[in-house]
Amino acid sequence: MSLLKAVFVWCICLGLFELSLAKGKSHYKFDVEYIYKKPDCKEHVVMGINGQFPGPTIRAEVGDTLVIDLTNKLHTEGTVIHWHGIRQFGTPWADGTAAISQCAINPGETFQYKFKVDRPGTYFYHGHYGMQRAAGLYGSLIVDLPKSQREPFHYDGEFNLLLSDLWHTSSHEQEVGLSSAPMRWIGEPQSLLINGRGQFNCSLASKYGSTNLPQCNLKGGEECAPQILHVEPKKTYRIRIASTTSLASLNLAISNHKLIVVEADGNYVHPFAVDDIDIYSGETYSVLLTTDQDPKKNYWLSIGVRGRKPSTPQALTILNYKPLSASVFPTSPPPVTPLWNDTDHSKAFTKQIISKMGNPQPPKSSHRTIHLLNTQNKIGSFTKWAINNVSLTLPTTPYLGSIKFNLKNTFDKNPPPERFPMDYDIFKNPVNPNTTTGNGVYTFQLNEVVDVILQNANQLNGNGSEIHPWHLHGHDFWVLGYGEGRFRPGVDERSFNLTRAPLRNTAVIFPYGWTALRFKADNPGVWAFHCHIEPHLHMGMGVIFAEAVHKVRNIPKEALKCGATA
């Protein structure tokens, strides 16, 4: 049976499927195209939606069905959009992952995403084809509780901060460099952006002598001017924060103010107070801020680089206490970002995150454990990232269609390794620097409980181990724990948190360390699990999970009209 015919059979039932997607329906039309913008006061070509950069904010209530008609106006390349943090129960074809859940949307074509949002939280969306996230294809997605329900914490107002990084070289040029022999690394971003706004080659805070950059001289209405956070004294505000960075790990702080962390990746956490937070690519948070400082002053909000030696200046904006004018500068310099290599600071923050009392807790044991070793390797003169010595290359036919309709010769039917050699020394350069490409799949039974041990290691040359934030599509996982050095089976499981493990969709592995995750394979479909650093994924740092694909129904024929047909 051809793929298109097979899909058509399932499409007969779409009318019934639409009836099951109840409650409210929000309809959006997205035109994706390249546009000229000045996000950091310097003109660039970026990817925009409906002429906007970042793309429009989507806001919905729990139970709503979102319908997004996405038209590709890029002329020469495909596109897709991934709805980051939305689990897509019953709609795996709407996950927005090219070659995994759907075909890329060709120039001039329109594809309709339709899915239900089933829980409140702070999310975002972004391109998941090539390196289009680095090009600027992203926006915010907020899901509110129904009006009849209340959040478990009080606040008087709300702000939404979407954080990103910006290069002055195009994403296409970056891709070519990463795919060249020898590799040409993309370097550090030129600017950090808050809601698509930053300042290149100048600083809002030069007058304090904390930077060698000249003072920014911005005129009112400039598209690179910072968005001010206007607040009233003696109030509590919820600040939603999402990081869609391509590379940079970030730290956020607000002068003189404590932040109370209450949400992580769409899940409530036990509230705790911090002076600043580290946020890695793919993570989202909500924090509460109480305006309890001197109301005759304004205060800095700063974003700085963590985890990499920074050459990118801080991004800044102002917390403005009304009725004081927002043009009044704070009396002190911006908060100093912790040292880029102070991983203890980040570990201390990360390990404070535990679930809110009453949240679902992990099963006490798992059916299966997969150990995934992250390494930097070579294929000839090409530099790659690999997992268990396999560098991921995606097939031309989407996995969802290949597995659902049992298509032949579309991807490697041999599963990737579930272990790596017991004698591998994570503190040394690889003895064998060579790797291979592959596109095999880890297949799980429905409701199988799976442990994933993410293991970090030394880089290919010299001494060093990078931080990697790993994101799982289609699920949340419980973060059972973090550890130093190599994971010790039969020993380190004793330290697992099985009572207050936080649910996340993105988790970091620290240098020379391990992170243990547990999830339940309860969502039929094919799902990506990968490092959320854009160039690392481009270079092969990811794996594919499949579960109960035979139970997937109602796949639109437009999702699977590329690649093999038999």
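Residue numbering: from 1, along the chain as shown.
Glycine residues also receive a Cβ, built from the backbone N, Cα and C atoms like all the rest.
Since we're looking at a predicted model, the values are computed, not measured.
Here's what TrEMBL has on this protein:
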SIGNAL    1-22  signal peptide
DOMAIN    32-146  domain 'Plastocyanin-like'
DOMAIN    159-322  domain 'Plastocyanin-like'
DOMAIN    423-548  domain 'Plastocyanin-like'
Within the domain 'Plastocyanin-like' (423-548), residues counted as helix, strand or coil by DSSP: 9 helix, 56 strand, 61 coil
Helix-strand-coil residue split for the domain 'Plastocyanin-like' (32-146), DSSP-based: 3 helix, 54 strand, 58 coil
Confidence summary (mean pLDDT) of the domain 'Plastocyanin-like' (159-322): 96
